[in-house]
Structures are given as C-alpha cells and as structure tokens.
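Step one of this worksheet: look at the structure below.
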C-alpha cells in the first residue's frame, strides 16, 4: 500500500479543542483506565480459579473481559501520552495497526455478545437441555468463531483504506485512528469503499443484534409464562447484566459506525467514542460483578484464601 511505503505521518487532534482541560482529562481517563484493567483482570482471575464459575456464561465473560483489556490497551495508553504532549504524531503504519485492532476487537465483541445472548436463551428457555447444548466443545467453537470473525473484515478494510492517497493537512480529527476520521483525509473517490464499509458494518452489528434481540424476545416470553414470582425474578436477574452491557455497547458503537461520512460532528464523535473506548470497558465488569452474588462469593473465596 502506497500509504505504508511512503510512511506518512498524521497528527491526532485529540481533545485540543479542550486545551484548558488536558490535565483534568488525563487524570480522569487514567483513573478509568486503571479501574478497567483491574476490573477485567479480576473477572478473568476469578472465573479461571473458582470452580463454581466454570460455566459457559463465565467462559464467555472471561473472553469479553480479555477483549475489553486488549481494546483499551490499543487506544488509551497512546491517548494518555498525547494528552500530555504538544505534538500528537502517529505514523501511517502505527495508525493502520491501531485501526486494524479497533475493527478486529469491535467485530469480535459484537459476535461474542450475540453468543452470550444465545447462552442466556438456552439457560432460561431450554434449561433441561442446557448441559448438552452448551457443552465445552460448543462453547470453544463459538468463541473461536467470534474471534475469527474479526480477521477478514479488519484486514480488508484497513488494507483498502491505507491504499488510498492522503492529502491536505494530515490532521485526524479524533484521539485515535478510526475509519471515518481517516477516510476524511483521503483525496480520491471513496464511494465504493464507503458502500462496502456500510454493508460490512450492517452485517457486523446487525447479525449479532438480531440474534441478541431474538434471544431476549424468547427469554421475556418464557419468563412471563413462569408460574412463580421468585422463578421470574431469578430468571430475569440471570440476564439483566448482559442486557445492560449489550444496550450500552450498541447505543455507542452503533451511533458512531452506522452514521455516513462526516455526518456526525467531530467533537460529538469524540465524546461518543470516549464512552465506548473508556467508559463501557470500565463499566462492564462492575455491572457483571456488583449485580452478581456468584461473582461476589467467588471474589471472597479467591482472595479470602490469601
């Protein structure tokens, strides 16, 4: 790709429009970053070491926590450094690599959330067949499929985008290399790329969303048909954490990635992106553990022994 061979350098504008708040932003984002790392690592450690959590739900949750860690590490450390530097430069190869991992992890997370919704559907609607339908091999294959789903899309979109010639100021109106702000710098016709990008985005977001929505329609129907109030309450609480996480994820990523080129104002785009790159990965482990007695007991057992 010409962009990579010539090693173009971009300037990440980041939050330069909030010059007076750079230090405050740095402190706030650093704190959220540390909470994100600690929370997601805790979920991985507890779900791995405690035998009571060796279930499909926590197997998927471990993978989700790992995706959140990798996704955050791909974006936040560079953003923190840039908040303290006057000149926020990134090479085209580093930019392409960052973009590749952004697409990869977002795609994998979309499909993993769909797999988790299917797991909740089987647990609530087909409880007698749960052990057979969600055995270790099925969970492993579903997880591998979720991870692999991100590879072809991220390779194709990144390679294609960075094969275009860049011109003008080379200033990326964002705090990381995302598709839309990089696409804004291309000075040739990108109609075909934008069309295929939209199709890919719809597939990536829509397929898991339809799977999730269909699962929850069935789950709600089953819960409403349960004779006892206690049974309904228990069934509802097994799903509520996942439902909150899914809603958060789709509301933020959908707003950014389903909007056509330049229709979302740069500063609004940064705020929405900040919510799914910093806030959502931090909130996810809190939602799953604070509302979950199993995780609380497992934390006490794991760290109580020490």
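Every residue, even glycine, has its Cβ placed from backbone N, Cα and C.
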Which range of 163-186, 235-258 is transmembrane segment, per TrEMBL: 235-258
Cβ-based contact of the transmembrane segment (191-214) with the transmembrane segment (20-47), 3 or more pairs under 8 Å: no
Recorded stretches the transmembrane segment (138-162) and the transmembrane segment (59-77) touching, at least 3 CB pairs under 8 Å: yes
Interface check, the transmembrane segment (97-118) with the transmembrane segment (270-290), three or more C-beta pairs under 8 A: no
